[in-house]
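Record features, source Swiss-Prot:
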type	residues	note
REGION	1-31	region 'Disordered'
COMPBIAS	18-31	compositional bias 'Low complexity'
DOMAIN	69-449	domain 'Protein kinase'
BINDING	Ser79, Tyr80, Gly81, Lys98, Glu147, Leu148, Cys149, Asp153, Glu196, Asp210	ATP binding site
REGION	100-144	region 'PIF-pocket'
ACT_SITE	Asp192	active site, proton acceptor
REGION	211-321	region 'Disordered'
COMPBIAS	222-257	compositional bias 'Low complexity'
COMPBIAS	258-267	compositional bias 'Polar residues'
COMPBIAS	268-279	compositional bias 'Low complexity'
COMPBIAS	288-321	compositional bias 'Low complexity'
REGION	481-584	region 'Disordered'
COMPBIAS	503-568	compositional bias 'Low complexity'
DOMAIN	593-682	domain 'PH'
Amino acid sequence: MENIVITNTSGGGGGGVPSSSTDPPNNTTTTTATASAIDLNMSLSPFLSSPSLSSPSIQSAKKKTIEDFIIGKVLGEGSYGAVVLGTEKETQQQYAIKILEKKQIIKENKIKYVQIEKEIFCKSNHPNIVKLFFTFRSEQCLYYVLELCSQGDLLHQIKKVGSFDYRSCQYYVAEIISGLEHLHSLGIVHRDLKPENILMSSDLHVKITDFGTGKILPPPQSSQQQQQQQQQQQQLPTNSSGNLSSLLNNVNNLSVSTDLTQQQQNRTSSVDSASTTDSMISPNLQPTTTTTNNNNNNNNNNNNNNNNTAAGSNTNTNTNTNINTNINANINNIKTTEIPKLTRNNSFVGTAEYVSPELISNKETSTDSDLWALGCIIYQMASGRVPFRGKTEFLTFQKVSNRELVYPINMNPVIKDLVEKLLVIKPTDRLGSSSTPGGFDNLKAHPFFQDFNWSSLSNMSHPPPPIQPPQEKIIFDGDELFSPSLDCTTPRNNNVDENHQQNSCNNNNNNNNNINNINNNNNSSSNNISNSNSNSNSSNNLNISNGNLSTPRSSSSSSSQQPTQRSGSSGGSRDGGSSSNNISKWLNNGENVIYQGLVWKRKGFSIKKRQLILTDTPRLIYIDPKKMELKGEIPWSDSIKPKLKSNNNFVIKTPKRKYLLEDVAHNPQKWVDSIKSVILSSGSSN
């Protein structure tokens with residue numbers, strides 16, 4: 001493993017709380033990028049000397065910077081950035097460091113959600129939720145120093161064994177429920193709960209992570225607050241000026257600040273008044289849009305008009321005209337990228353295979369949405385397959401909305417009953433719903449947990465049961481029973497903050513014995529859950545496993561924190577497989593793929609996952625494997641030189657730049673050899 005020490009952090013931005021001496025003031029007239037960068041620094045300032053709720057082990061008030069860590073290999077991807085292995089120089093303690101580029105956050109208009117993720121980490125103090133230890137920043141990046149989970153993710157564990165036996169399934173579902181119950185008690189909805197976002201600690205305990213799409217629900221209103229809100233609504237005019245005023249309020253709320261901030265801080269202090277952190281979202285942050293002095297005056301006029309209207313004052317034609325004019329002025333100055341903020345609470349987030357029906361239909365999400373995802377996870381742990389999968393994302397959504405799922409013919413009836421009670425279309429009817437008396441207690445009382453000791457979860461030193469496959473193989477109607485192996489699947493990677501790539505299948509060497517068990521043991525014990533190696537390739541992600549372009553790797557080496565991809569093997573032509581069809585639009589006529597695979601592309605503080613493609617023309621192009629967009633090309637010349645750097649890393653030197661790359665498949669030598677081979681062949685042809 002190659003260790004890379006990052007030294008060129010900014011002197012004033014490496015850590016600590018922003019002060020007037022280091023942070024520029026918030027000017028009302030500024031450019032979008034400058035204002036956003038200032039807001040981002042203020043919103044995501046590092047911790048004070050006191051630890052956060054999530055981090056009881058923070059030792060001192062010393063301000064951390066990236067210079068305090070040795071940066072190692074890439075572990076994976078979070079919602080808005082790469083995650084790398086970081087070793088603290090002073091203690092040699094290892095962490096997972098999430099690196100977020102400021103300019104990327106601003107460009108994608110994700111400031112609000114980065115703030116929310118940090119706030120959720122700070123609020124959460126539970127053994128089954130990943131801990132946040134430090135946050136700090138440099139001039140270019142924000143850094144989250146997180147608990148390292150060295151055993152990968154739950155999906156990796158499922159793929160190792162095919163499916164979980166009854167005892168291991170019971171234990172790990174209980175740990176997920178324990179962490180989920182804690183989140184929901186704080187009013188937190190994960191909204192993207194899935195096996196890839198459930199990590200495994202070194203001692204194989206569940207750690208829920210990745211809150212980039214999470215949501216913090218407002219605290220329930222008292223009857224007095226509800227009456228006040230109704231009175232305010234009755235005071236609003238019903239004419240067009242009232243509607244325009246309402247729109248103006250929405251437009252003015254397009255800011256990185258939020259009224260929810262103080263409520264969240266109050267909730268945090270009520271959990272532990274001794275724990276103090278700095279304000280995570282500054283109440284005085286300015287909108288990220290570019291404004292002028294005239295527009296600022298318009299904003300002031302709008303606010304005055306709105307206040308008068310809310311107070312029940314009389315409005316005349318001139319006032320209505322001013323409101324119309326000012327609203328149009330504000331709307332014209334709003335960037336189109338900010339409009340989604342108006343409907344964020346109703347927008348689609350999550351991953352298609354685990355998303356709940358109410359999110360697809362654009363209804364308001366709630367904690368009950370996570371219960372649907374829990375049902376999908378239990379189904380997958382018990383069967384090895386996701387319950388809902390279509391050939392396209394749209395068809396998957398249709399299956400979810402219509403609840404079209406098929407159970408294995410020999411699925412344990414107790415587990416099936418639990419899944420049935422969670423995968424319910426109406427959110428409030430799901431087992432464990434907060435809208436029903438009992439809530440999570442009802443879920444814990446299900447017969448699946450009949451002999452489970454819930455109090456044992458508080459003792460994390462107690463080892464969990466071994467993760468192992470059941471005694472009999474699970475069978476779906478229509479499976480080819482005598483096939484030596486079934487296709488392996490991972491869920492499609494539809495979210496911006498996903499961190500897992502397709503890995504190879506497990507082969508079942510005991511199919512004939514398993515088939516005999518199915519025939520002879522129709523009334524098998526409820527403790528036996530079948531094994532399955534089934535899943536299918538995503539149609540949305542690059543697939544390089546077809547034809548002679550790929551060589552499968554053993555699934556035992558996969559990990560969510562070290563995402564792996566089957567690397568391409570030398571193949572002189574496109575063979576018409578799905579891989580070739582997916583990338584053909586970026587190839588010229590007669591151009592053939594020589595080698596391709598996933599790499600981590602490093603440039604300064606930026607770490608991006610890319611699909612690198614070597615062709616015979618020759619060319620080296622790289623593609624965003626999620627968005628399926630061409631991102632760039634490494635310029636080819638007679639002086640291009642590939643060089644091996646370590647077991648994972650290689651460098652491609654061009655006259656103007658060095659490209660530092662890390663092979664996700666851990667075979668950088670294959671890249672070096674392939675490029676050298678093309679260099680020789682192109683030289684001989686010339």
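Using the three backbone atoms N, Cα and C, a Cβ is placed for every residue, glycine included.
Here the features listed in Swiss-Prot are placed on the structure.
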| residue | record | DSSP (3 states) |
| --- | --- | --- |
| Gly81 | ATP binding site | coil |
| Glu147 | ATP binding site | coil |
| Asp192 | active site, proton acceptor | coil |
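Counting only the Cα atoms, the space from Cys149 (ATP binding site) to Asp192 (active site, proton acceptor) is about 19 angstrom. Taken through DSSP, the domain 'PH' (593-682) splits into 15 helix, 48 strand, 27 coil. Across the domain 'Protein kinase' (69-449), the model assigns an average pLDDT of 75. Across the recorded positions listed here (Glu147, Asp192, Glu196), the residue whose Cβ sits among the most other Cβ atoms within 10 Å is Glu196. Neighbour density at the Cβ, taken as the number of other Cβ atoms within 10 Å, is lowest among the binding-site residues Gly81, Cys149 for Cys149. Here the C-alpha separation of Gly81 (ATP binding site) and Asp192 (active site, proton acceptor) works out to 16 Å.
When the alpha carbons of Glu147 (ATP binding site) and the residue listed as 'active site, proton acceptor' are compared, the span between them is 20 angstrom.
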